[in-house]
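Over in TrEMBL, the protein carries these features:
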type	residues	note
DOMAIN	72-301	domain 'Ion transport'
DOMAIN	418-684	domain 'Ion transport'
TRANSMEM	68-86	transmembrane segment
TRANSMEM	115-133	transmembrane segment
TRANSMEM	145-166	transmembrane segment
TRANSMEM	203-225	transmembrane segment
TRANSMEM	276-298	transmembrane segment
TRANSMEM	418-440	transmembrane segment
TRANSMEM	452-471	transmembrane segment
TRANSMEM	492-510	transmembrane segment
TRANSMEM	522-541	transmembrane segment
TRANSMEM	566-586	transmembrane segment
TRANSMEM	659-681	transmembrane segment
Amino acid sequence: MEAGAAAETEPLLPPRSWRAARGAAGAAEDLHINQAVVFIEDAIQYRSINHRVDSKSLWLYRWYYSRICQWILSLTITIILALAFVETPSSLTVTSDVRYRLPAWDPLCGLTESIELLCFLVFMIDVSVKSYLIGWEEFWKNKWLMAYIVTLIISLTDWVVSLSFFCTETVRVRRILRPFFLLQNSSMMKKTLKSINSTLPEMASVVLLLAVHLSLFTMFAMLLFARTKDGQQDKEWVGYFRNLPDSLTSLLVLLTTANNPDVMIPAYSKNRAYSIFFILFTVLGNLFLMNLLTAIIYNQFRGYLLKSVQSSLFRRRLGIRAAFEVLSSLKETPANSEQSCVSAGAVLQVLQKVEMDSRCKQAIMMSLKICSCDQLSAAQFQRLFEELDKDAIKQHPPSPEYRSHFMRKMQFAFGHPYFGYLGNVVALANIVSICVVLVLDADKQPSERDDFFLGTINCFFIIYYLMEMLLKILAMGLKRYLSYPSNRFDGLLTTILLVLEIATFAEYGFPHPGWRPEFVGLLSLWDMVRLANMLIVFRFLRIIPNMKFMSLVVTTLLDLVKNLRAFAGILVVVFYAFAITGIMLFKGAVVPMGNVSVVNTTYNNGTLQCGTYEQLEYWPNNFDDFAAALVTLWDVMVVNNWQVFLEAFSRYTSPWAKIYFVAWWLISSVIWVNLFVALLLENFIHKWDRRCHRESLSDIEYQRTVELMFRDVLEEPTEEELMEKLQQHPHLHLCR
């Protein structure tokens, strides 16, 4: 009986080898699903797919690119960059003016260094994980990772040296290297930097022309304004062309028009014909060569950035194709199929695990259901994920439906655009009334002012804005009202004004003739009311959407801000490096007048020459701490009166200091500003072209976005290019 029973039940238990094979097949299927999930996420983020694809590596890869890990890394970069404000020399003082600045807080040795060490540990973990995930063979080909390790080694070495000297050393190399951690963590900044680097040869040709132009006119100037026997006639020579460095500096500053017409006046007052020299120099240098540089940068940089964006598109298509290839090896694929395909069920499994925008995920699932195909070809699979390249037109919630005839009339009246136009007129009247009151009270003493009229009109307009907000909510419904950014701004501003107005009445009473709330109680409350009231000016900006060209300009600026992160990041890197370098070179160089430590400076019995650093009282502009250095670099970047800084710091330190300021002007004001102009032009031209050719859009239609600005002109990669690249994957070995 037992033997018979055993014989009957034995077939119900599969052989151990078969169960092992089935478990292995299930593990392989899970691996392929996870690989596809990671490849799709790589495509979404435009990441490279050249990384390890085994189970443990995929888990580590997704953990590394999780929000919490990337947030920790970004926070670490922010902290290590912000250390420059608190470490010696600290920026924690009220003023940077060397005449009034109190001694800054000097942190104990090891305090900021401990924070710095923790940041270095995070970076070491970061570079270790990155190196492992791409594999050691790819690691040696990756220049950024190699530079990452070298930067960490130098920084740690310098950190040890600092502790060895008990934080008393003046030169800390690791501070200059800190911006690298920001740079290497942004793929878009890397691409932008690569594009800038590729554009440099074309820039160099124009810069060379500028150098020739400057040198040639310098020689002419030294001949024209040579020293003569008559000392009264040598003002031009004494002031600007005494020697070759002074002559070069004077004309270089004139190239930026910062010292125009000062540099010309001594010679021009002697003979009007000398003006021809300066006008000719300015026309050739500033109007022709500098604008030619802008044109070349615009043309070349656009081409290189287009190539960079094209490579981003290729990465997205490659990631999607890689996901298709690993899914096509699953057992659901028919064996007799002439071409590779994936099952719809496998795609659904992948979509459930992928971290992506919910709108895109729902749209892809909807497209998959509409397709109603059990098997998807490579082309169908690729078209399925084209939703990633689309951005949904925002669909506003519907307005409430009222049964009452009176309520429907109210809804029609207060939901009509003319009601919004009325609000624009009221906002304009509010602005005009505020301006009139401010102009009338400008010359009055505080004791002579009567804020009764201002308080009354504030009360009137606030009541109108409150009624307008409530009536719009009645007509549109709360959800639809809040779905418009302009309404959210209006509602928030109205609420703030209402709260402040109620607090004002509670503190000062209601407005009446002779009402002067600044003399009663809290001064800050009334100041807050007036300050918040000035924000009504921004309410007037809601007429912008009704003016097509102004709307185009504003949307261009808003899109420019979104696409400017890489440019702004690179500017932060350059600002940071130059500020730290300036602290090393010029810290403590500027000292107040009357201090015995001032050298190589004569003040002619206390009389200062007009236009000098001391006479203009530029004392807060120095390099004694990081914050002051940033402001000084900004002032030089604007180039207004930047010759004052050239002259002062070369006098306080060394004539070679001019090289530092000229290098900063060249990088910031010439190269970066021209790159910004190129980006602005490209964005505006693209918006203008789209405005001229755009068709009307429905509420549920999808509008193709521009990958940065060039999405419309990008070329789709061919299947041969994708498969060739996949065959070169260092860790993924395809069967075909």
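Positions of Cβ are set from backbone N, Cα and C atoms, glycine also.
Distant neighbours of the transmembrane segment (276-298): 199, 202-203, 205-207, 209-210, 213-214, 217, 220-221, 224, 251, 254-257, 260-261, 263-264, 267-268, 670-671, 674-675, 677-678, 681-682; these residues of the same chain sit at least 6 beyond its ends, with a Cβ under 8 Å from one of its Cβ atoms. Using a Cβ-Cβ cut-off under 8 Å and counting only residues 6 or more beyond its ends in the same chain, the transmembrane segment (145-166) has close neighbours at 109-110, 113, 116-117, 120, 123-124, 127, 130-131, 134, 139, 172-174, 177-178, 180-181, 184.
Mean predicted confidence for the domain 'Ion transport' (72-301): the pLDDT average there is 88. Tertiary neighbourhood of the transmembrane segment (566-586): same-chain residues 81, 84, 89, 170-171, 175-176, 178-180, 182-183, 186, 188-189, 191-193, 196, 622-626, 629-630, 632-633, 649, 652-653, 657, 660, 664, 667-668, 672, 675-676, 679, selected by CB-CB distance under 8 Å and a gap of 6+ residues from either end. Scored by C-beta pairs under 8 angstroms, the transmembrane segment (659-681) has its highest count with 203-225, from the stretches 115-133, 203-225, 452-471, 492-510. Residues 236-237, 240-241, 244, 247-248, 250-252, 255, 267, 274, 277, 281, 284-285, 289-290, 292-293, 296-297, 300, 666, 670-671 of the same chain, all 6+ positions outside the transmembrane segment (203-225), place their C-beta atoms under 8 angstroms from a C-beta of that stretch.
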